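The annotation domain 'Cadherin' is assigned in TrEMBL to 63-148, 149-256, 260-363, 364-473, 479-582. The transmembrane segment annotation in TrEMBL covers 589-611.
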Amino acid sequence: KQKIDRDLLCRQSPKCVISLEVMSSSMEICVIKLEIKDLNDNAPSFPTDQIELEISETASPGAYDPDSGSFGVQIYEITPNDLFGLETKTRGDGSRFAELVVEKSLDRETQSHYSYVITALDGGDPPNFGTVELSIRVIDSNDNNPLFEEPAYTVSVPENAPPGTPVIRLNASDPDEGTNGQVLYSFHSYVSERARELFQIDPQSGLITVSGAIDYEEGHVYELDVQAKDLGPNSIPAHCKVTISVQDANDNPPLINLLSVNSELVEVSENAPPGYVIALVRVSDRDSGANGRVQCKLLGNVPFRLQEYESFSTILVDGRLDREQRDQYNLTIQAKDNGVPSLQATKSFTVKITDENDNHPHFSKPYYQVIVQENNTPGAYLLSVSARDPDLGLNGSVSYQIVPSQVRDMPVFTYVSINPNSGDIYALRSFNHEQTKAFEFKVLAKDGGNPSLQSNATVRVIILDVNDNTPVITAPPLVNGTAEVYIPRNAGVGYLVTVVKADDYDEGENGRLSYEMVEGDRGFFEIDQVNGEIRTTRAFGENAKTAYELIVVAHDHGKTSLSASALILIYLSPALDAQESIGSVNLSLIFIIALGSIAAILFVTMIFVAVKCKRDNKEIRTYNCSCRGGGAPDPKHDVMCMTKKPHGDGGQALWVSACVFSGAGIAEYSYGHQKKSSKKKKISKNDIRLVPRDVEETDKMNVVSCSSLTSSLNYFDYHQQTLPLGCRRSESTFLNVESQNNRNAGSNHIYHHTFTGQSPQQPDLIINGMPLPE
């Protein structure tokens, strides 16, 4: 931007280096060092244009002789010496005079007084002479320059030394006397103005002292050219160089610089991941050495951390950020150097968390319920739903809408509507409790973010019943509000004339009905207020009239009671019998009973057919019974089930028997795994045996229950299925022993017993172990 003058920038430094720090757009820092080299661009200059030297003037001694001519003084003689001599000269008038000539340099500092005799000889003969004593005092001349003890001095001074602090006392000696030997000290004209501001020298004593604020960071070394000059004429000054080194002191706290667009406020998204860089920090200390080494840290318990590098530091996200919980953090960076005593600095700035659409709208409650009476006015306000979104701006703005659904096959939009901004819900129609007792729908809350987030809540509308339905009399059937009922003339007290029934579509007290007679022949009849039964209160005599009138009212129990009335005409008919009349018949009830009976009959028939088909499809089981040793059956093991059946008019008992097997292990049971016969065995009459029984033999029978017989059969059933013996719970089972191969001998081994008072029973027949259908 402008011309660089190295002598101006780096007069005191043999090496001139400038450091520049550059930060890129990606917040990276690089250091550039520039070294400025010297060029021969300055001609030598003298502080003054002219040097003036003053030389003292010397007087010459002489002698006068009043004679003239040859008698005049002809010769001058002086006491022989090495320093002075006489030189005789002639004037224009012929006289001679002598001049005292200095043959050698005089040094007053060596000998300041000389004594000689001068003799003047004339030209006479003998010559006359005269003598005179010459006393010579060498007068000092400024022939000695001041002289410093050393040509260069090096001293040090601590920075921040107060003004007046002595730095060094210089001494330049001059052997001359008087003003020629009086020395004055001063800075050479080469000394910079800044050095002159920081230091001063006493011209008389040569003491250099501090006169300004010395800062190590401003200058490490100062060179002072000092000259000493006497007050004599033609004075030649003496020079020396004083190098003053400034000792660093820990007087500079660290300097924290936040490299951000706004050094006081940093913005970061709440979705920033851990490790995200939010700011660059550069910390510097103008001190040197340990005084300039700085350590940094981030104060407080915050979701951020500071990571240090060689020349800068970064602040990173170190946790989860949630603007809805905390929208800003006040961060403080502390920098502390290693000096003694240590100095520290802090830098505070604010981190603002920017919003992201990360929160769904949240309803105040997930389920809303409102109770409204039927017959409401269309457009009536029902309730309000409210959802809150903690996000900001459009991310937190909530709008409402109803989720499409059906209510009684109609869109829910025909029942209710919602204000999209406030969440107020209104009825669009007049509700009818008898048609819709309650309905539900969902409300959707949606924010304005991109992409938007949403949630829903359920709203239930309960419609309360209002007494808006008038009772309708359904029985007895009315024609133009009148019903005719015929009763026998001989009907007694309490005879049921008819039952008045009414329907009310309302519920609760609004639908609960009571009956009463308000006008007519109430002296002959009474009505039950609950069930509406009309009965006679007295008998009708021969002279009683043939027709009676009653006005019956059915009313509900609503707050504003509604009612219906009917005229009942009661006629006395001699053709009817009081015993045959059962009152009016409810045709609806008869129709319902008939339908139920038909359905039950169909159901039972289907079950019977299914069971029968299942049994017919079963594989035929073969049971072989044999008695021990082919002889008579063992009463303890081989048994025969028998059932009594009356036969003929004479009451002779017949017994139907079939062979079964017990736990003796003698009977053979072939089923499933045995070889199957090619043809199914047909039932023949020989398989059924009718055993005649005499009354006298009943005491010889053994009796067991079907349950015990069944349990004994289970022992031989490999599939754990009870054999179908056909026993009934209330029947007695009589046991007999018979061999399948010797049936004719079975009648000799029957054990029987008689149960008195037992009713005749239909026998269950068992043929070769399989039940015979009745």
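Each residue, glycine too, has its Cβ placed from N, Cα and C.
TrEMBL annotations: computationally assigned, not manually curated.
Averaged across the domain 'Cadherin' (149-256), pLDDT in this predicted model comes to 89.
Across the domain 'Cadherin' (260-363), DSSP classifies residues as 4 helix, 52 strand, 48 coil. Broken down by DSSP into helix, strand and coil, the domain 'Cadherin' (63-148) contains 3 helix, 41 strand, 42 coil.
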